[in-house]
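Novice: This structure is in structure tokens; I'll ask about it shortly.
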């Protein structure tokens with residue numbers, strides 16, 4: 001009986017235990033459904049607001065977020081390992097400080113969205129659209145697509161849907177900063193960031209500058225480098241894109257040698273300065289831009305610069321200064337074909353020397369010999385030659401490094417066996433005046449130290465020198481400008497260090513700013529005017545001659561001309577085929593700040609067949625002949641296409657993401 005009682009108690013206990021276990025909703029295993037067992041998954045834990053624990057998002061106006069976030073990242077760790085967060089961590093460097101922290105905070109509003117009362121709030125679409133409008137150009141400047149997770153329609157909502165402004169905290173800070181600034185009266189001024197830029201960043205700055213000053217600035221490309229980079233020019237004028245009657249045109253060219261970089265930087269800073277100061281009401285800048293058409297090409301050799309910058313960065317060892325100096329003097333000087341662009345222009349100087357034995361020789365508008373096109377012509381040289389021929393430039397300077405001096409034509413010695421022989425042009429006095437304009441306005445260039453850098457020996461005093469007297473070479477750009485067009489160009493050597501340290505850029509700007517402005521203003525020296533026929537129509541291609549100077553200039557499309565001259569008495573002659581000559585005597589005062597106006601009216605005349613305009617000088621072909629056999633088109637364009645096909649390189653910033661966790665963010669690559 002006792003046995004039976006114990007047995008019944010055991011059965012009851014086991015039944016109760018089974019009932020308890022059965023009611024405990026066992027966890028589901030994969031085989032339960034197959035065996036017909038009943039199981040119940042535990043209800044997932046509801047997401048809760050948690051503290052923001054991501055370093056690059058810790059300055060948001062709120063402190064709580066929730067996972068999964070708007071992009072579907074389930075945990076903070078997953079979000080931190082994604083390419084989206086990686087982009088936010090480097091965006092300041094990629095965009096060179098532009099549009100930050102706006103872009104970073106906008107991205108954080110998607111990665112760590114605001115959480116209130118255990119509910120996620122989405123950021124406002126209006127804020128996203130405003131940031132995208134003001135910052136899209138910065139991404140385009142580095143050839144990066146707008147990030148997908150900043151899609152304003154996809155991840156942001158309207159005000160009616162109950163959104164928040166992710167830049168709210170930033171706006172409060174900016175208002176406080178502005179209030180403190182307002183309480184401290186200060187003259188408005190131009191702000192320039194003195195740092196180096198990549199080629200894409202440089203182009204972005206030029207385009208942004210033109211966008212900030214659309215009424216006085218525009219950008220245009222004159223061609224492409226060997227590796228397909230744009231040779232981008234920014235133009236300043238009160239009517240950009242248009243040649244205005246009697247308004248002189250001048251140009252600046254930098255970085256012809258890729259490893260000589262200070263000129264490139266100065267011209268980038270100059271574009272920002274001109275735009276900003278014009279908007280701030282600087283009367284000097286406004287007067288300059290309203291009366292002059294200014295063209296600035298900061299980099300003629302972007303491929304060489306890229307190589308030089310990479311090498312300098314790679315040899316940035318403070319204990320190995322010799323290596324740094326060696327690299328800055330050699331690598332990146334030539335273009336991607338290793339062509340020295342300042343030896344690649346047609347050697348018209350030798351042609352001019354050959355003409356001297358003719359009684360009535362001229363040293364102007366010398367045609368390009370056909371034989372030139374059968375040598376290797378760099379695409380950068382080709383682009384600049386076409387540019388020079390297409391615009392009636394009056395004055396120009398190209399910037400180099402390695403010395404501190406302004407050199408002027410000729411660069412080729414008049415005696416083939418003399419490497420350092422004074423070899424003046426017919427415009428020697430004018431060129432000396434132009435060169436002194438820059439040197440005297442420079443902070444230190446016109447000092448008496450005749451051996452500043454010691455690279456090529458003594459360079460004389462006053463900071464200027466005849467190019468051939470310094471050292472002789474053929475195929476230079478300034479000689480080509482003078483002998484093929486109306487343009488008078490000088491070469492400005494900006495200092496001993498070809499690739500100065502970044503901390504020296506501000507000093508370089510301060511030393512050269514006044515010289516850059518004064519040189520541009522000097523284009524208004526001399527005379528200007530219009531050559532018309534008896535009916536008042538401008539005559540294109542008429543010649544303006546100055547007695548005693550065997551170098552004529554020609555009129556532009558509408559008959560206007562500019563002739564830089566020194567002070568004194570000059571006898572001018574205007575002539576054109578089919579018209580009688582006209583002569584005038586003028587006096588230019590020494591302190592005359594604006595060009596004197598000298599117009600001519602030419603009468604129709606019968607051309608006598610026995611009179612030859614070229615004075616029996618052997619013909620070299622007409623001036624209009626430019627690449628007559630399409631030699632450049634044949635090999636250069638094909639070579640560029642091959643280079644592009646072979647390279648197919650990712651953008652320079654791709655290395656930031658190539659080793660990111662998971663798949664690479666191809667959504668950052670632009671599809672043109």
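Glycine is treated like the rest: Cβ placed from N, Cα and C.
Not my notes, these are from TrEMBL:
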- 493: active site, proton donor/acceptor (ACT_SITE)
- 128-152: disulfide bond (DISULFID)
- 44-166: domain 'FZ' (DOMAIN)
- 195-523: domain 'Peptidase M14' (DOMAIN)
- 1-23: signal peptide (SIGNAL)
Novice: Ten-angstrom check, please: count other Cβ atoms within 10 Å of the Cβ of residue 128 (disulfide bond), all chains counted.
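Specialist: Neighbour count, Cβ to Cβ under the 10 Å cut-off: 24.
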Novice: Among 152, 493, the recorded positions in question, whose Cβ has the most other Cβ atoms within 10 Å in this structure?
Specialist: 493
Novice: Between residue 128 (disulfide bond) and residue 493 (active site, proton donor/acceptor), what C-alpha distance do you get in Å?
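Specialist: Cα of residue 128 (disulfide bond) to Cα of residue 493 (active site, proton donor/acceptor) measures 47 Å after rounding.
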Novice: Cα-Cα, whole number of Å: residue 152 (disulfide bond) versus residue 493 (active site, proton donor/acceptor)?
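Specialist: Residue 493 (active site, proton donor/acceptor) has its Cα 50 Å from the Cα of residue 152 (disulfide bond).
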Novice: What are the DSSP helix, strand and coil residue counts for the domain 'FZ' (44-166)?
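Specialist: Reading the DSSP string over the domain 'FZ' (44-166) gives 57 helix, 15 strand, 51 coil.
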Novice: Average the per-residue pLDDT over the domain 'FZ' (44-166) and send me the rounded value.
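Specialist: The average pLDDT of the model in the domain 'FZ' (44-166) works out to 89.
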